[in-house]
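Lifted from TrEMBL, the feature list:
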DOMAIN    4-143  domain 'S-adenosyl-l-methionine hydroxide adenosyltransferase N-terminal'
DOMAIN    166-250  domain 'S-adenosyl-l-methionine hydroxide adenosyltransferase C-terminal'
Amino acid sequence: MGLITFLSDFGYRDHYVAAVKARILQLAPSVPVLDISHAVEPFNIAHAVHVLNAVFRDFPAGTVHLVGVNDLGGPRAAWHAASFQGHYFVSADNGLLALLCDGQPEELVSLGAASTLTSSPTRDLLAPAAVHLAQGGHLTDLGPTVTQFFQLLNRQVRLQDNRITGHVVHVDHYGNLITNITRQAVEVIGRNRPYTVHFARETVREIAAHFQAADPGEAVCIFNSQDQLCIGINQGNASELLGLHFDSQVDLRFPNEGVPVAPVASESYTARQVKS
């Protein structure tokens, strides 16, 4: 018997989360359901991708991740189930799978189209699909294999010989700023050189092991457990105090930055929409 995780933008004030769980309980009383969060910002696909990408690999292989974010089927009124890195995902066709799987899941099937519209697709369409997979059912039993789905482009990191330019991709509950600059990018471009981190009007000259390494009220940079560069203020809200938010620019600068060079690579995280 498998495990279902549940991520949504339903909030905690209303009955929507309970209705989905009740449906799962009716279909499979013995399947455990673990909440990831129901506080994703309404309709915010980038927020959902960040939360899910940060945690799904911590669950056992074969876990089914039920995603009820912007769940009305996207512009095509469609829903999908997918496999990626040993896990299953069920979601509306709203760009989430494209961002999470970096463009293409390993296998993708269609769960429904406009004729199956309901006021609660997560309860009536996605939850039964999640139960089927958690009980050991095959992905292809749920619908036909498809290759076309709604695409969103990941936000690009610009890598140059003496500079890395990234952006804030998430602001967490504490106001910490998570960027799309990775430890790997810093190691590849930095080649053990010293560097400074620049954001707003601040400059940080070293990466700390944890936020408490700085004095209270001081800005500090760390790499989080996903190896993403994070900016915080010890015992303060970095987003509010620094005036930085989603998509704000962050730079790492290495010695000899003044020498102009062409970009050498790109990395990505989240989220600009493109027409498809």
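Just so you know, the numbers here start at 1 and follow the chain as drawn.
Each Cβ is built from the backbone N, Cα and C atoms, and glycine gets one as well.
All annotation found in TrEMBL is predicted automatically rather than curated by experts.
As a summary of secondary structure, the domain 'S-adenosyl-l-methionine hydroxide adenosyltransferase N-terminal' (4-143) carries 54 helix, 33 strand, 53 coil according to DSSP. Under DSSP, residues within the domain 'S-adenosyl-l-methionine hydroxide adenosyltransferase C-terminal' (166-250) fall into helix, strand and coil as 16 helix, 33 strand, 36 coil. Restricting the average to the domain 'S-adenosyl-l-methionine hydroxide adenosyltransferase C-terminal' (166-250) gives a pLDDT of 93.
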